[in-house]
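*Asks:* The structure that follows is given in the form of C-alpha coordinates.
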Amino acid sequence: MEETLKSLSMDYLNLLINGQAFSDVTFSVEGRLVHAHRCILAARSLFFRKFFCGAAADQAAAPPGALLLDHLSPRSPSGGASASSPRGAGGSAAAAAAATPGAVIPVSSVSYEVFLLLLQFLYSGQVSLVPQKGEPRPGCGERGCWHTHCAAAVDLALDTLAAARSFGVEELALLTQKQLAGMVEKASIEDVMKVLMASRKQDLHQLWTTCSHLVAKSGLPPEVLAKHLPIDVVAKIDELRLKSMSRRSPFLSHHHHHPHAAAAGIEASSAAELDDHHKIRRMRRALDSSDVELVKLMVMGEGLNLDDALALHYAVENCSREVVKALLELGAADVNHPAGPAGKTPLHVAAEMVCPDMVAVLLDHHADPNVRTVDGVTPLDILRTLTSDFLFKGAVPGLAHIEPNKLRLCLELVQSAAMVMSREDAQTAAVNAAPIYGESPGGGGGGGVYNASGTSSSMVNLSLDNRMVYLNLGMDAQFGKMNDGGDGDDGGSRGPSSLFSPHGFP
(Lines of atoms letter the chains of each structure in order from A and count residues from 1; the text may use other names and numbers.)
(Lines give C-alpha, C1' and ligand atoms only; values in the text may rest on other atoms or scores of the structure.)
Protein backbone atom coordinates (compact mmCIF):
# COMPACT_ATOMS: atom_id res chain seq x y z
CA MET A 1 0.00 0.00 0.00
CA GLU A 2 2.83 2.37 0.89
CA GLU A 3 4.54 1.76 -2.44
CA THR A 4 1.27 2.42 -4.26
CA LEU A 5 0.84 5.76 -2.50
CA LYS A 6 4.42 6.74 -3.31
CA SER A 7 3.85 5.86 -6.95
CA LEU A 8 0.63 7.89 -7.01
CA SER A 9 2.42 10.83 -5.40
CA MET A 10 5.18 10.75 -8.01
CA ASP A 11 2.67 10.47 -10.87
CA TYR A 12 0.89 13.63 -9.73
CA LEU A 13 4.20 15.42 -9.17
CA ASN A 14 5.27 14.56 -12.71
CA LEU A 15 2.21 16.43 -13.97
CA LEU A 16 3.57 19.57 -12.30
CA ILE A 17 7.12 18.94 -13.50
CA ASN A 18 6.03 18.38 -17.10
CA GLY A 19 4.70 21.92 -17.24
CA GLN A 20 2.11 22.48 -19.93
CA ALA A 21 1.03 18.84 -20.27
CA PHE A 22 -2.75 18.85 -19.71
CA SER A 23 -2.44 22.21 -17.91
CA ASP A 24 -5.54 24.41 -17.76
CA VAL A 25 -4.37 27.27 -15.52
CA THR A 26 -1.22 29.42 -15.60
CA PHE A 27 0.28 31.61 -12.87
CA SER A 28 2.90 34.32 -13.27
CA VAL A 29 5.35 34.54 -10.35
CA GLU A 30 8.29 36.94 -10.46
CA GLY A 31 7.97 37.07 -14.24
CA ARG A 32 8.04 33.29 -14.67
CA LEU A 33 5.11 31.14 -15.78
CA VAL A 34 3.91 28.20 -13.69
CA HIS A 35 1.48 25.77 -15.35
CA ALA A 36 -0.91 23.82 -13.12
CA HIS A 37 -4.20 21.90 -13.09
CA ARG A 38 -7.41 23.30 -11.64
CA CYS A 39 -8.87 19.96 -10.56
CA ILE A 40 -5.84 19.05 -8.44
CA LEU A 41 -5.52 22.48 -6.84
CA ALA A 42 -9.26 22.64 -6.10
CA ALA A 43 -9.27 19.13 -4.61
CA ARG A 44 -6.28 19.85 -2.34
CA SER A 45 -6.93 23.45 -1.27
CA LEU A 46 -10.10 25.17 -0.08
CA PHE A 47 -8.61 28.48 -1.17
CA PHE A 48 -8.15 27.38 -4.79
CA ARG A 49 -11.55 25.67 -4.79
CA LYS A 50 -13.27 28.94 -3.82
CA PHE A 51 -11.08 30.88 -6.18
CA PHE A 52 -11.84 28.76 -9.24
CA CYS A 53 -15.54 28.58 -8.36
CA GLY A 54 -15.76 32.37 -8.32
CA ALA A 55 -16.27 32.79 -4.55
CA ALA A 56 -13.36 35.21 -4.51
CA ALA A 57 -15.51 37.70 -6.39
CA ASP A 58 -16.87 38.78 -3.05
CA GLN A 59 -13.95 40.35 -1.20
CA ALA A 60 -15.60 39.71 2.16
CA ALA A 61 -15.90 36.01 1.39
CA ALA A 62 -12.51 35.70 -0.28
CA PRO A 63 -10.04 33.35 1.42
CA PRO A 64 -7.05 34.98 3.16
CA GLY A 65 -4.60 34.03 0.41
CA ALA A 66 -6.50 36.01 -2.22
CA LEU A 67 -4.52 39.09 -1.24
CA LEU A 68 -1.36 37.30 -2.37
CA LEU A 69 -2.63 37.01 -5.93
CA ASP A 70 -1.98 40.68 -6.74
CA HIS A 71 -5.73 41.39 -6.44
CA LEU A 72 -5.83 38.85 -9.26
CA SER A 73 -5.86 41.22 -12.18
CA PRO A 74 -5.88 38.99 -15.28
CA ARG A 75 -3.11 39.15 -17.83
CA SER A 76 -2.76 37.83 -21.30
CA PRO A 77 -0.33 34.95 -21.92
CA SER A 78 2.12 37.47 -23.34
CA GLY A 79 2.37 39.07 -19.93
CA GLY A 80 0.57 42.32 -20.66
CA ALA A 81 -1.67 43.54 -17.85
CA SER A 82 -5.28 44.34 -18.45
CA ALA A 83 -6.74 47.72 -17.77
CA SER A 84 -6.53 48.42 -14.08
CA SER A 85 -9.70 48.21 -12.10
CA PRO A 86 -10.60 49.86 -8.80
CA ARG A 87 -9.13 48.19 -5.74
CA GLY A 88 -12.51 46.96 -4.59
CA ALA A 89 -13.08 45.22 -7.92
CA GLY A 90 -9.95 43.08 -7.56
CA GLY A 91 -11.98 40.01 -6.57
CA SER A 92 -14.17 40.32 -9.68
CA ALA A 93 -11.06 40.51 -11.82
CA ALA A 94 -9.80 37.41 -10.04
CA ALA A 95 -12.90 35.46 -10.93
CA ALA A 96 -12.64 36.67 -14.51
CA ALA A 97 -9.02 35.53 -14.68
CA ALA A 98 -9.89 32.16 -13.23
CA ALA A 99 -12.73 31.66 -15.69
CA THR A 100 -10.97 32.92 -18.82
CA PRO A 101 -9.12 30.20 -20.75
CA GLY A 102 -5.53 31.20 -21.52
CA ALA A 103 -5.48 34.02 -18.96
CA VAL A 104 -2.40 34.31 -16.76
CA ILE A 105 -2.99 34.85 -13.04
CA PRO A 106 -0.27 37.03 -11.50
CA VAL A 107 0.89 36.08 -7.99
CA SER A 108 2.49 38.67 -5.74
CA SER A 109 4.05 38.63 -2.25
CA VAL A 110 5.20 35.03 -2.72
CA SER A 111 8.51 34.13 -4.32
CA TYR A 112 8.76 31.75 -7.26
CA GLU A 113 10.61 29.20 -5.13
CA VAL A 114 8.03 29.26 -2.33
CA PHE A 115 5.10 29.04 -4.76
CA LEU A 116 6.65 25.96 -6.39
CA LEU A 117 7.14 24.36 -2.96
CA LEU A 118 3.49 25.05 -2.17
CA LEU A 119 2.35 23.43 -5.44
CA GLN A 120 4.76 20.54 -4.96
CA PHE A 121 3.11 19.76 -1.63
CA LEU A 122 -0.40 20.08 -3.07
CA TYR A 123 0.46 17.66 -5.89
CA SER A 124 2.49 15.06 -4.00
CA GLY A 125 1.79 15.50 -0.29
CA GLN A 126 5.49 15.84 0.43
CA VAL A 127 8.10 18.57 0.16
CA SER A 128 11.72 19.30 1.07
CA LEU A 129 12.18 22.68 2.72
CA VAL A 130 15.99 22.49 2.80
CA PRO A 131 17.71 24.38 -0.06
CA GLN A 132 19.99 22.38 -2.31
CA LYS A 133 23.30 21.61 -0.60
CA GLY A 134 26.16 23.87 -1.67
CA GLU A 135 23.86 26.13 -3.67
CA PRO A 136 24.72 29.85 -3.23
CA ARG A 137 21.93 31.58 -1.30
CA PRO A 138 21.37 35.31 -0.70
CA GLY A 139 21.24 34.89 3.09
CA CYS A 140 24.23 32.55 3.42
CA GLY A 141 27.80 33.57 2.62
CA GLU A 142 29.43 30.24 3.47
CA ARG A 143 30.77 28.21 0.59
CA GLY A 144 29.64 24.60 0.58
CA CYS A 145 27.00 25.21 3.26
CA TRP A 146 24.49 22.38 3.61
CA HIS A 147 21.74 24.90 4.46
CA THR A 148 20.32 22.83 7.30
CA HIS A 149 20.05 25.67 9.84
CA CYS A 150 21.68 28.73 8.27
CA ALA A 151 19.89 32.05 7.78
CA ALA A 152 18.94 31.12 4.20
CA ALA A 153 17.26 27.88 5.33
CA VAL A 154 15.39 29.67 8.12
CA ASP A 155 14.18 32.39 5.75
CA LEU A 156 12.93 29.83 3.23
CA ALA A 157 11.05 27.93 5.93
CA LEU A 158 9.48 31.14 7.30
CA ASP A 159 8.37 32.22 3.82
CA THR A 160 6.90 28.78 3.17
CA LEU A 161 5.08 28.84 6.50
CA ALA A 162 3.56 32.24 5.76
CA ALA A 163 2.45 31.11 2.29
CA ALA A 164 0.99 27.84 3.61
CA ARG A 165 -1.10 29.66 6.21
CA SER A 166 -2.21 32.33 3.72
CA PHE A 167 -3.33 29.73 1.18
CA GLY A 168 -4.94 27.62 3.89
CA VAL A 169 -2.68 24.58 3.45
CA GLU A 170 -2.56 23.63 7.14
CA GLU A 171 -0.73 20.32 6.62
CA LEU A 172 2.18 22.15 5.02
CA ALA A 173 2.07 24.76 7.80
CA LEU A 174 2.37 22.04 10.47
CA LEU A 175 5.19 20.33 8.58
CA THR A 176 7.07 23.63 8.29
CA GLN A 177 6.60 24.40 11.99
CA LYS A 178 8.16 21.05 12.92
CA GLN A 179 11.09 21.73 10.62
CA LEU A 180 11.61 25.21 12.10
CA ALA A 181 11.52 23.80 15.63
CA GLY A 182 14.44 21.57 14.69
CA MET A 183 16.32 24.34 12.87
CA VAL A 184 16.29 26.83 15.74
CA GLU A 185 18.09 24.38 18.04
CA LYS A 186 21.24 24.91 15.93
CA ALA A 187 20.54 28.29 14.33
CA SER A 188 22.17 31.59 15.30
CA ILE A 189 20.48 33.63 18.01
CA GLU A 190 19.50 36.27 15.42
CA ASP A 191 17.61 33.65 13.42
CA VAL A 192 16.00 32.31 16.60
CA MET A 193 14.69 35.80 17.38
CA LYS A 194 13.44 36.08 13.79
CA VAL A 195 11.45 32.85 14.18
CA LEU A 196 10.27 34.01 17.60
CA MET A 197 8.71 37.15 16.10
CA ALA A 198 7.14 35.21 13.23
CA SER A 199 5.59 32.71 15.64
CA ARG A 200 4.24 35.56 17.73
CA LYS A 201 2.70 37.27 14.71
CA GLN A 202 1.04 34.06 13.52
CA ASP A 203 0.02 32.76 16.99
CA LEU A 204 2.13 29.61 16.76
CA HIS A 205 2.30 28.82 20.47
CA GLN A 206 4.52 25.74 20.36
CA LEU A 207 7.13 27.41 18.15
CA TRP A 208 6.93 30.53 20.33
CA THR A 209 7.64 28.46 23.46
CA THR A 210 10.65 26.75 21.88
CA CYS A 211 12.19 30.00 20.62
CA SER A 212 11.50 32.03 23.77
CA HIS A 213 13.27 29.46 25.93
CA LEU A 214 16.26 29.45 23.57
CA VAL A 215 16.48 33.26 23.72
CA ALA A 216 16.19 33.14 27.52
CA LYS A 217 19.08 30.66 27.67
CA SER A 218 21.26 32.77 25.35
CA GLY A 219 22.37 35.04 28.20
CA LEU A 220 21.88 38.22 26.19
CA PRO A 221 21.12 41.12 28.58
CA PRO A 222 17.77 42.94 28.30
CA GLU A 223 19.31 46.05 26.75
CA VAL A 224 20.66 43.93 23.92
CA LEU A 225 17.39 42.08 23.41
CA ALA A 226 15.55 45.42 23.32
CA LYS A 227 17.43 46.29 20.12
CA HIS A 228 15.89 43.31 18.35
CA LEU A 229 12.61 42.58 20.12
CA PRO A 230 9.60 44.59 21.32
CA ILE A 231 9.60 45.60 24.98
CA ASP A 232 6.75 43.27 25.91
CA VAL A 233 8.63 40.30 24.41
CA VAL A 234 11.79 41.25 26.35
CA ALA A 235 9.67 41.37 29.53
CA LYS A 236 8.40 37.84 28.86
CA ILE A 237 11.96 36.61 28.29
CA ASP A 238 12.94 38.11 31.67
CA GLU A 239 10.00 36.31 33.29
CA LEU A 240 11.22 33.02 31.86
CA ARG A 241 14.69 33.67 33.25
CA LEU A 242 13.32 34.42 36.71
CA LYS A 243 11.26 31.23 36.66
CA SER A 244 14.31 29.28 35.56
CA MET A 245 16.38 30.77 38.39
CA SER A 246 13.66 29.94 40.90
CA ARG A 247 13.70 26.31 39.78
CA ARG A 248 17.48 26.14 40.13
CA SER A 249 17.57 28.01 43.44
CA PRO A 250 19.03 25.92 46.30
CA PHE A 251 16.61 27.64 48.66
CA LEU A 252 13.71 25.94 46.90
CA SER A 253 15.28 22.49 46.87
CA HIS A 254 16.65 22.43 50.42
CA HIS A 255 14.34 24.85 52.23
CA HIS A 256 11.02 24.39 50.51
CA HIS A 257 9.28 24.74 53.87
CA HIS A 258 10.61 28.30 54.17
CA PRO A 259 8.87 30.28 51.42
CA HIS A 260 10.31 33.56 52.68
CA ALA A 261 13.85 32.21 52.45
CA ALA A 262 13.15 30.94 48.94
CA ALA A 263 11.80 34.32 47.89
CA ALA A 264 14.84 36.00 49.41
CA GLY A 265 17.14 33.70 47.43
CA ILE A 266 15.40 34.47 44.16
CA GLU A 267 15.47 38.16 44.96
CA ALA A 268 19.19 38.00 45.75
CA SER A 269 19.91 36.22 42.46
CA SER A 270 17.89 38.78 40.53
CA ALA A 271 19.68 41.63 42.30
CA ALA A 272 23.08 40.12 41.46
CA GLU A 273 22.10 39.71 37.81
CA LEU A 274 20.83 43.29 37.66
CA ASP A 275 24.08 44.49 39.23
CA ASP A 276 26.05 42.67 36.52
CA HIS A 277 23.94 44.37 33.83
CA HIS A 278 24.66 47.77 35.38
CA LYS A 279 28.39 47.01 35.47
CA ILE A 280 28.38 46.00 31.81
CA ARG A 281 26.48 49.16 30.87
CA ARG A 282 28.97 51.34 32.79
CA MET A 283 31.90 49.48 31.25
CA ARG A 284 30.57 50.08 27.73
CA ARG A 285 30.03 53.76 28.43
CA ALA A 286 33.61 53.95 29.69
CA LEU A 287 34.92 52.22 26.56
CA ASP A 288 32.84 54.50 24.33
CA SER A 289 34.55 57.49 25.96
CA SER A 290 38.00 55.79 25.77
CA ASP A 291 38.23 55.72 29.58
CA VAL A 292 40.16 52.48 30.00
CA GLU A 293 41.34 53.60 33.45
CA LEU A 294 37.76 53.44 34.72
CA VAL A 295 37.46 49.93 33.30
CA LYS A 296 40.67 49.03 35.14
CA LEU A 297 39.22 50.36 38.40
CA MET A 298 36.05 48.33 37.84
CA VAL A 299 38.15 45.20 37.33
CA MET A 300 40.26 45.79 40.44
CA GLY A 301 37.65 47.30 42.75
CA GLU A 302 34.36 45.75 41.66
CA GLY A 303 35.50 42.38 40.38
CA LEU A 304 34.32 43.00 36.82
CA ASN A 305 35.10 40.01 34.59
CA LEU A 306 36.05 41.40 31.18
CA ASP A 307 35.54 38.07 29.44
CA ASP A 308 32.05 37.53 30.82
CA ALA A 309 31.20 41.14 29.92
CA LEU A 310 32.54 40.59 26.36
CA ALA A 311 34.58 43.76 26.80
CA LEU A 312 37.09 42.94 24.07
CA HIS A 313 34.42 41.96 21.55
CA TYR A 314 32.56 45.20 22.24
CA ALA A 315 35.72 47.33 21.97
CA VAL A 316 36.80 45.71 18.70
CA GLU A 317 33.47 46.48 17.10
CA ASN A 318 32.73 49.89 18.57
CA CYS A 319 35.95 51.57 19.73
CA SER A 320 39.29 52.69 18.34
CA ARG A 321 42.50 50.71 18.00
CA GLU A 322 44.02 52.55 20.97
CA VAL A 323 41.18 51.50 23.25
CA VAL A 324 41.51 47.86 22.20
CA LYS A 325 45.28 48.00 22.68
CA ALA A 326 44.95 49.55 26.15
CA LEU A 327 42.32 46.99 27.11
CA LEU A 328 44.59 44.14 26.04
CA GLU A 329 47.50 45.60 27.97
CA LEU A 330 45.48 45.47 31.19
CA GLY A 331 46.09 41.72 31.04
CA ALA A 332 42.60 40.97 32.36
CA ALA A 333 40.98 39.90 29.09
CA ASP A 334 41.54 36.69 27.14
CA VAL A 335 42.23 37.64 23.52
CA ASN A 336 40.90 34.25 22.38
CA HIS A 337 37.75 34.21 24.53
CA PRO A 338 34.81 32.68 22.59
CA ALA A 339 31.49 34.51 22.86
CA GLY A 340 27.88 33.82 22.05
CA PRO A 341 26.27 30.65 20.75
CA ALA A 342 28.63 30.66 17.75
CA GLY A 343 31.77 30.87 19.92
CA LYS A 344 33.41 33.76 18.06
CA THR A 345 36.63 35.36 19.28
CA PRO A 346 37.50 39.06 18.87
CA LEU A 347 39.60 38.10 15.84
CA HIS A 348 36.53 36.55 14.19
CA VAL A 349 34.71 39.85 14.74
CA ALA A 350 37.61 41.89 13.34
CA ALA A 351 37.79 39.60 10.30
CA GLU A 352 34.06 40.05 9.63
CA MET A 353 34.52 43.83 9.88
CA VAL A 354 37.52 43.65 7.51
CA CYS A 355 39.42 46.08 9.73
CA PRO A 356 43.23 45.81 9.34
CA ASP A 357 43.80 47.98 12.44
CA MET A 358 41.92 45.59 14.70
CA VAL A 359 43.30 42.46 13.07
CA ALA A 360 46.86 43.72 13.53
CA VAL A 361 46.51 44.78 17.17
CA LEU A 362 44.85 41.48 18.10
CA LEU A 363 47.54 39.44 16.34
CA ASP A 364 50.21 41.58 18.05
CA HIS A 365 48.74 40.39 21.34
CA HIS A 366 48.82 36.73 20.29
CA ALA A 367 45.30 36.20 19.00
CA ASP A 368 45.06 32.71 17.53
CA PRO A 369 44.21 32.80 13.78
CA ASN A 370 43.40 29.08 13.86
CA VAL A 371 40.77 29.10 16.62
CA ARG A 372 37.42 27.76 15.43
CA THR A 373 33.82 28.67 16.16
CA VAL A 374 31.21 26.07 17.10
CA ASP A 375 30.64 25.56 13.36
CA GLY A 376 34.37 25.05 12.75
CA VAL A 377 35.01 28.44 11.09
CA THR A 378 38.35 30.23 11.62
CA PRO A 379 39.07 33.95 11.06
CA LEU A 380 41.04 32.88 8.00
CA ASP A 381 37.97 31.06 6.64
CA ILE A 382 35.89 34.22 7.01
CA LEU A 383 38.39 36.34 5.08
CA ARG A 384 38.82 33.71 2.37
CA THR A 385 35.04 33.54 1.90
CA LEU A 386 34.78 37.33 1.63
CA THR A 387 37.68 37.41 -0.83
CA SER A 388 36.06 34.71 -2.94
CA ASP A 389 32.79 36.65 -2.97
CA PHE A 390 34.63 39.75 -4.18
CA LEU A 391 36.37 37.82 -6.94
CA PHE A 392 33.29 36.01 -8.25
CA LYS A 393 30.45 38.39 -7.38
CA GLY A 394 32.14 41.77 -7.36
CA ALA A 395 30.62 42.80 -4.01
CA VAL A 396 29.70 41.35 -0.65
CA PRO A 397 26.02 41.67 0.37
CA GLY A 398 25.70 43.93 3.39
CA LEU A 399 29.38 44.92 3.25
CA ALA A 400 29.40 47.34 0.34
CA HIS A 401 31.61 49.76 2.29
CA ILE A 402 34.54 47.30 2.35
CA GLU A 403 37.60 48.23 0.30
CA PRO A 404 39.33 45.38 -1.57
CA ASN A 405 42.76 46.59 -0.44
CA LYS A 406 41.76 46.34 3.21
CA LEU A 407 40.34 42.89 2.63
CA ARG A 408 43.58 41.80 0.95
CA LEU A 409 45.67 43.23 3.79
CA CYS A 410 43.56 41.51 6.46
CA LEU A 411 43.91 38.22 4.60
CA GLU A 412 47.70 38.62 4.32
CA LEU A 413 48.03 39.46 8.03
CA VAL A 414 46.00 36.49 9.21
CA GLN A 415 47.63 34.11 6.71
CA SER A 416 51.08 35.23 7.84
CA ALA A 417 50.19 34.77 11.51
CA ALA A 418 48.81 31.30 10.80
CA MET A 419 52.01 30.34 8.95
CA VAL A 420 54.17 31.62 11.81
CA MET A 421 52.19 29.63 14.35
CA SER A 422 52.48 26.55 12.16
CA ARG A 423 56.27 26.96 12.02
CA GLU A 424 56.41 27.49 15.78
CA ASP A 425 54.49 24.29 16.38
CA ALA A 426 56.77 22.38 14.00
CA GLN A 427 59.93 23.77 15.68
CA THR A 428 58.62 22.96 19.13
CA ALA A 429 57.76 19.42 18.08
CA ALA A 430 61.18 18.94 16.48
CA VAL A 431 63.05 20.22 19.54
CA ASN A 432 60.97 18.11 21.92
CA ALA A 433 61.74 15.05 19.81
CA ALA A 434 65.52 15.72 19.92
CA PRO A 435 67.84 14.32 22.68
CA ILE A 436 67.75 16.40 25.84
CA TYR A 437 71.53 16.58 26.10
CA GLY A 438 74.13 16.74 23.37
CA GLU A 439 77.15 18.61 22.15
CA SER A 440 77.15 22.35 22.36
CA PRO A 441 75.97 23.85 19.08
CA GLY A 442 79.16 25.89 19.05
CA GLY A 443 81.32 22.78 18.77
CA GLY A 444 84.76 22.96 20.37
CA GLY A 445 84.40 19.56 21.97
CA GLY A 446 84.52 21.15 25.37
CA GLY A 447 81.81 18.91 26.64
CA GLY A 448 79.40 21.78 26.60
CA VAL A 449 75.80 20.85 27.36
CA TYR A 450 72.70 22.68 26.22
CA ASN A 451 69.05 22.28 27.16
CA ALA A 452 66.66 21.53 24.30
CA SER A 453 63.72 23.22 25.96
CA GLY A 454 65.76 26.39 26.35
CA THR A 455 66.58 26.33 22.66
CA SER A 456 62.90 25.78 21.87
CA SER A 457 61.95 28.78 23.98
CA SER A 458 64.43 31.02 22.18
CA MET A 459 63.19 29.79 18.80
CA VAL A 460 59.58 30.53 19.72
CA ASN A 461 60.48 33.99 21.03
CA LEU A 462 62.39 34.73 17.84
CA SER A 463 59.42 33.62 15.73
CA LEU A 464 57.06 35.81 17.75
CA ASP A 465 59.39 38.78 17.30
CA ASN A 466 59.49 38.16 13.55
CA ARG A 467 55.72 37.94 13.51
CA MET A 468 55.31 41.32 15.20
CA VAL A 469 57.87 42.91 12.88
CA TYR A 470 55.94 41.58 9.87
CA LEU A 471 52.64 42.88 11.18
CA ASN A 472 54.02 46.34 11.83
CA LEU A 473 55.75 46.47 8.45
CA GLY A 474 52.53 45.37 6.77
CA MET A 475 50.56 48.13 8.42
CA ASP A 476 53.29 50.69 7.60
CA ALA A 477 53.12 49.74 3.95
CA GLN A 478 49.35 50.10 3.83
CA PHE A 479 48.72 53.19 5.90
CA GLY A 480 52.11 54.90 5.96
CA LYS A 481 51.97 54.90 9.72
CA MET A 482 51.51 52.40 12.48
CA ASN A 483 53.30 52.59 15.79
CA ASP A 484 52.47 51.83 19.36
CA GLY A 485 50.93 55.25 19.84
CA GLY A 486 48.85 55.06 16.66
CA ASP A 487 48.44 58.87 16.56
CA GLY A 488 45.51 60.10 14.57
CA ASP A 489 43.85 56.71 14.30
CA ASP A 490 40.34 56.96 15.58
CA GLY A 491 39.14 53.66 14.15
CA GLY A 492 37.37 55.49 11.35
CA SER A 493 38.80 53.18 8.70
CA ARG A 494 36.19 50.62 9.62
CA GLY A 495 32.80 50.59 8.00
CA PRO A 496 29.71 50.62 10.17
CA SER A 497 29.05 47.34 11.86
CA SER A 498 26.57 45.96 14.32
CA LEU A 499 27.66 44.25 17.50
CA PHE A 500 25.21 41.53 16.58
CA SER A 501 26.33 40.40 13.16
CA PRO A 502 24.45 38.04 10.85
CA HIS A 503 26.91 35.33 11.64
CA GLY A 504 25.43 34.68 15.10
CA PHE A 505 27.47 36.83 17.49
CA PRO A 506 25.21 38.21 20.23
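We number each residue from 1, going along the chain as drawn.
Glycine is treated like the rest: Cβ placed from N, Cα and C.
Not my notes, these are from Swiss-Prot:
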type    : residues                       : note
BINDING : CYS140, CYS145, HIS147, CYS150 : Zn(2+) binding site
DOMAIN  : 23-131                         : domain 'BTB'
REGION  : 481-506                        : region 'Disordered'
REPEAT  : 278-306                        : repeat 'ANK 1'
REPEAT  : 307-337                        : repeat 'ANK 2'
REPEAT  : 342-371                        : repeat 'ANK 3'
REPEAT  : 375-409                        : repeat 'ANK 4'
ZN_FING : 137-151                        : zinc finger
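Relative to the rest of the structure, where do these features sit?
*Replies:* Counting residues 6+ beyond its ends, the repeat 'ANK 1' (278-306) has Cβ neighbours under 8 Å at 221, 223, 312, 314-315, 318-320, 322-323, 326-327, 330, 332-333 in the same chain.
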*Asks:* I'd like to know the mean pLDDT over the repeat 'ANK 1' (278-306).
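*Replies:* For the repeat 'ANK 1' (278-306), the model's average pLDDT rounds to 85.
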*Asks:* Looking only at the repeat 'ANK 1' (278-306), how are its residues distributed among DSSP helix, strand and coil?
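*Replies:* In the repeat 'ANK 1' (278-306), the DSSP-based counts are 22 helix, 0 strand, 7 coil.
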*Asks:* Would you list the DSSP helix, strand and coil counts for the residues of the repeat 'ANK 3' (342-371)?
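*Replies:* Once the DSSP states are binned, the repeat 'ANK 3' (342-371) shows 17 helix, 1 strand, 12 coil.
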